[in-house]
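The next block holds one structure in the form of C-alpha cells; read it before the comments.
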Amino acid sequence: MPRRTDIKSILIIGAGPIVIGQACEFDYSGTQACKALKEEGFRVILVNSNPATIMTDPELADATYIEPITPEVVAKIIAKERPDALLPTMGGQTALNTALSLRRMGVLDRYNVEMIGADATAIDKAEDRALFREAMSKIGLETPKSMLANATDVKNADRKTHEAERAALKAEKPDNLDAELDALETRWNLGEGDRKQRYISHAMAIAAQALDHVGLPAIIRPSFTMGGTGGGIAYNRAEFYDIVQSGLDASPTTEVLIEESVLGWKEYEMEVVRDKADNCIIVCSIENIDPMGVHTGDSITVAPALTLTDKEYQMMRNASIAVLREIGVETGGSNVQFAVNPADGRLVVIEMNPRVSRSSALASKATGFPIAKIAAKLAVGYTLDELENDITGGATPASFEPSIDYVVTKIPRFAFEKFPGAEPVLTTAMKSVGEVMAIGRTFQESLQKALRGLETGLTGLDEIEIPGLGHGATVANHADDRNAIRAALGTPTPDRLRMVAQAIRMGTSLEDVHAMCKIDPWFLEQIAGILAMEARIREHGIPQDAVNLRMLKAMGFSDARLASLTRTDAEVVTKIREKLDVHPVYKRIDTCAAEFASPTAYMYSTYEVPFAGALANEAQVSSRKKVVILGGGPNRIGQGIEFDYCCCHAAFALRDAGYEAIMINCNPETVSTDYDTSDRLYFDPLTAEDVLEILRAEQASGELLGVIVQFGGQTPLKLADALEKAGIPILGTSPDMIDLAEDRDRFQKLLHKLGLSQPKNGIAYSVEQARLVAGELGFPLVVRPSYVLGGRAMQIIHDESMLQSYLLDTVPGLVPEDIKQKYPNDKTGQINTLLGKNPLLFDTYLSGAIEVDVDCLCDGKATFVSGILEHIEEAGIHSGDSACSLPVHSLPSELVDELERQTAALARALNVGGLMNVQYAIKDGTVYVLEVNPRASRTVPFVAKTIGRPIAKIAARIMAGETLEDAFAHYGAMPDPRNPGHIAVKEAVFPFARFPGVDILLGPEMRSTGEVMGLDRDFALAFAKSQLGAGVDLPRSGTLFVSVRDEDKKGILPAVKRLAGLGFKVLATSGTQRFLAENGVVAEKINKVLEGRPHIEDAIRNRQVQIVFNTTDGQKAVSDSKSLRRATLMQKVPYYTTLSGAAAVAEAIAALKAGSLEVRPLQEYFA
C-alpha cells in the first residue's frame, strides 16, 4: 500500500508547554513526524505553544503556529489552513483531548478534516475507562475489579435541555436570532463551573457505592488525563473522597475509574506498532523495577523485561496485539500496560495509550527504532514492510522486530527540594521532572551508569541514611531498627532503591527485603551482587591487574565510586586504570543485536574483551575535523528543553559548516539524542570519566577542533575544569571567563573597572561570616549559593530568624555525600566545608525594581544584542518564572540604549565567543547588573523565534571560528530586535497542582517546568495568548477580588478601574475596599480568612470569584494568605501577585472583549 494521494496537507497538534507527565519526549516525536511527512511531500501545518521546541523551528513545517492549544484556537487554524487531515497522536494527551473536542464541536466535519493515526472511536475506546473495560472483556483479557464514577446521565440531560433551548429559539425566528443564539451560548459557557460542581457531586455519590464494591486500598484513575493527574491510592475513606474529588476535577469528562488495589504486583509495558494491513511488531518490552502503585513515569524501569519467562512474554505479546486490534489503532504506535501477580501469575491489563508516549520515546532510544517516524508514515498509508529501517541502513524493513543485546535502565529525576511542604512519596500520580537512561551489557552496569548519570551527586549505589536509624548505623539489631527499615522500604520514595541497598548492607535478608518492598528477587540479587563486590573492594582495595579491574568496570563501577570505597581520590583510580590500559569500548545500538551491520553511529560504552574477529571499538572514528557537544543530561527545573534546543542547533549548524558534530548526552526524552541529529551520538553519563574516555576514543583519528560546554546548562560547565586539565580545547568563551562571571570577588572588580553598578552585596564562606554580611547589608536581602542553575536554594531573607532557618535548614540540603561522610555528626562543619568551596552570595533586595534579561552574540570583538526582555513581574521573582516581553513594553529608549551599551562592554571584557545572557534590575532610573552568564540561557529559543534568526546556530559557528558577521550571513540580515513588528510574551507554567500543600507564591528560586509564547502585533493580545497557552482561562466577565498591601493600593487602581469599566463586580478586603471607594470604584467588602466566615476562600471555593489581584508584605501576611492561593489553584482562578501582572491582564481581558484572537503562522511574521 503506497502512501495516500488523496490528502495533501496535514495538521499536527503539539503537546504545548513542558509539564510533569508530558515533557520534551513529545518534541522528539513531533519533530520526527514533521520531518517524515515533509519528506513524503505533504504540506505540514503545526500548532504548538512552546517556543523551546525544535518542532516549532520554521523550517520543519510549512506553516508553524505558535498559538495556544485550545479547541477554539485550533479551530481558527483549521478554518484558515483547511488541512485534509489531522494527526493527533504526536502531542500527548493535550493533542488527543483537543482533537476529540474539535470533533465534538463539529469543526472536523465542517471543514472535512480526517483524523489519521488514530480515529476518534479508537481514542474514545482507549481513554474512556468504561469503554476500555468493555473492550478488554470482549477479547477475554482481565482488568482489575473496578467501577466508574461519572455524571454521564446528568450531562446528557443538560445537553438535551441546551439543545432544546437552541431549537426553540430558532423556531421563534426573532429578528436578532444570531445575537440571541450567541447570548444563549455565552450563558451556557458561563455556567460551566456550576455544572461541573453538580457533575462532581453526582459522581461522588456513585464513588461511595464503588468503594463498597472495590474496598480499600483503592486506585483512583481519572479519564482523559496524563501522568496520573488527579489520581492516587486511597488507604482510608477520607483519602478516598479527597482523591476522587481531585480526580473528577482533573478529568475533562468528570469521570474516574475506582479500581481494586494491585499494589505490589509486577508492572510491564509493551510498545506495539500496527499498520493497516494488520502487521504488528513489538518494538520493546519494558519492566518496572518498582511494583504497582508507583506511576510508570516515576518508576525505575529496564528494557528489555528481565524477569519474564518466554511463555509469559509470548502471552503478553499476544495480549498487546489483541488490545490494539480491539481498540482499533490501525496505523501507529501504542503503549499497553500490564500487571502480573507474582504469587499466581494472574495477568491484568491496566491501560493503553493510543498514541506515542513517554515510554515510546524510551523504547525508541533503547532500541534505535524510530517509533514516531514510522507511526507518521503508517498514518499516511504505508505498511511496515514497505518502510526501511534507517538504523540498519535499509538492510532490514520496519516490519523486522527489534532485538537488543544489552540492558537499558531508566531512572527518573525528582525536584521535591523545590517544593517545601511536598511529601516525597510516589503514587500513581506522576511527580518526576526528568529522567536519565543508561545502556550496559548487564543490568548491574546499566544501573550504576544510570545512577551516576542522574547528576544528583551519586557515584553509584552510594550509602544513604535510613530515617529512624542513627547516622552511620551498620547493623539492624533492634526491633525499632527493623521497623525503621520496614517503613523506609515499604514507602515508595525517590531514594527507595538506595534504601534497599542500605538495608542489605545492614544484614537484612533478601527474603525480608522483598517482603517489605515487593521488588522482584532477581533485581535484589543483582543489587546484592554489587554490594558484595563493594565489600571486597573495601577489604582488598583496587585490583592491580587488568583482568580484575576490567571485571569491576564491567559491573558499572565508576572511578569515583571505587575511590569512595577505598577512601582515595578518583584521579588515583584513573591513573591505575590507565596504567593497566583498561578503557571502555563502544558498541552500536543497531535494532538487530549485531545481526546486520549498522551505518548509524549511535554508541554506548561498556567494558569487555572483544571476542575473536569482532571489532574492539565499533565507533569507527573518522579522520574528519570534529566538534563535540556536551548535552544537558536529565531534565530538571532550571535546566530543561531550552538547553537541548541549543545543543541541537549547534549540531545542525556545525554539520552545515562541514564539521563532524558529535553529541554526548544521556536523556532519552530529547531531540539531541535522536540518531540523526548529530554525526555520532554517545549515549553515556555526563561525568568527567565518561566524557574524557569518549574524547580519548575520538582523538584516535581526525582533528578534534574542541568541545562546546556553553549550550547544555550547568552540567557541561561543571566538566570544564577536568577538560582543561586534560588538555582538551574548549570552544567559545574560556572557562576562566565563565568562572570570572561566577566568582563574586573577580566579577565585582570587573564591574568596578567598567564603571557598572550592582546592588550592595557580600560573600560568606562560613555560617558566622554569613551572619556578619547580613548584618552589614541589612534586610531584606537576597541570598543564593554560587555555581547553581535555576535559583537553586535562592531566597529573599526578611529578618534574622529567616536567615537562621536558611543556614540551618536549607543550606544542609546542598551538602554532597562526601562532605557529609567527612563530618558525620557536625552540621556546622559540613556547611562551612561546603561554603569554602561554594560560598553564599548576598545582595541587597531591590524592592519594586524592573528586571530585564538581555541576550547577545559576540565573537570577542563585535556584539549583537539579540533581545532585551522586560519582565512583567518585578525583581525578586526568578527570571525563569517571570513572564516577559520582547521587545520591552514600558522602558524608555534611552534606558534600552544604556542596556545595550553595558551588555556590549561586558561581552568584550569577558571575551565572549558565542552567547551571553545578562540580568539587570532597573530602579529609579539606575541600571544594576544582577548577574552575567557567558553561556546559552533558557531564553535563547524564545528570542530566536521572536526575531526570526537561529541565534544558537550563529553562536556555534562563532565558536568554530567564524566572525559574527560571517556567521550571521548564513541566516539572513541582522534584524532589529527593538522593532520586530510584533510582540512576543513568554509565560511560565508550574506544577503546583501535583504537590498538595505547597505554596504557589513565586520567589527567587525557579519552580516552573515549562513555558509558552504568545505572539501578536499587540501587547495585550500577545499577553492574552500567553495566558491561554499556559492554561489560564481569562474571564470575560464575573467578579474580581482585590486585596493589596498599602504601598500597592495606588498602583493597582488603574487595573481595577479597567475591569470595573468592563462590567466586572469588585470584591475587596476592608482596607482595599475603603481605598477603592475613596477613588470612585464601587467594591463590596469581604472578610479575610482570619476575620471569620463567610470569607474570601469560601467565595473562591463557591466559584463566586473569577480573577484575583493580591499582593502581600512580610512573612506573616504571606503565611496568612497561603490557603487563599491554594484555593485559587484548585478552582483554576487566575491569580496575579504583582502590579505589572494585574495591569497586563486587565489590558488582555479588555482586548479579548473588544474582538477575537487572530492566528498567524510564524512564517507570516517574517515574510
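From the backbone N, Cα and C atoms, a Cβ is placed for every residue, glycine too.
Quick look at what Swiss-Prot annotates:
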| type | residues | note |
| --- | --- | --- |
| REGION | 1-455 | region 'Carboxyphosphate synthetic domain' |
| BINDING | R129, R221, G227, G228, E260, V262, E267, G293, V294, H295, Q337, E351 | ATP 1 binding site |
| BINDING | Q337, E351 | Mg(2+) 1 binding site |
| REGION | 456-619 | region 'Oligomerization domain' |
| REGION | 620-1031 | region 'Carbamoyl phosphate synthetic domain' |
| DOMAIN | 748-960 | domain 'ATP-grasp 2' |
| BINDING | R784, T844, L846, E851, G876, I877, H878, S879, Q919, E931 | ATP 2 binding site |
| BINDING | Q919, E931 | Mg(2+) 3 binding site |
| BINDING | E931, N933 | Mn(2+) 4 binding site |
| BINDING | E931, N933 | Mg(2+) 4 binding site |
| REGION | 1032-1167 | region 'Allosteric domain' |
Return the count of C-beta atoms lying within 10 angstroms of the C-beta of V294 (ATP 1 binding site), excluding that atom itself.
26
For R129 (ATP 1 binding site), the three-state class that DSSP assigns:
helix
10 Å Cβ neighbour count around Q337 (ATP 1 binding site)?
21
Give, as a single whole number between 0 and 100, the mean pLDDT over the region 'Carboxyphosphate synthetic domain' (1-455).
92
Find, for the listed binding-site residues R129, R784, H878, the residue with the lowest Cβ contact count at a 10 Å cut-off, counting only other Cβ atoms.
R784
V294 (ATP 1 binding site) to G876 (ATP 2 binding site) - Cα separation in whole Å:
36
Within 10 Å of the Cβ of Q919 (ATP 2 binding site), how many other Cβ atoms can you find? Include all protein chains, please.
20
DSSP says what for the region 'Allosteric domain' (1032-1167): how many helix, strand, coil residues?
70 helix, 19 strand, 47 coil
Per 10 Å Cβ neighbour count, which of the binding-site residues E260, E267, E351 ranks highest?
E267
Look at each of the binding-site residues, G227, G876, and point out the one with the fewest other Cβ atoms around it within 10 Å.
G876
With Cβ-Cβ distance below 8 Å and at least 6 positions apart along the chain, what are the contacts of E931 (Mg(2+) 3 binding site)? List them in sequence order.
A741, V918, Q919
Give me the largest Cα to Cα distance among R784, T844, L846, E851, G876, I877, H878, S879, Q919, E931, the residues the record lists as binding ATP 2, in Å as a whole number.
17
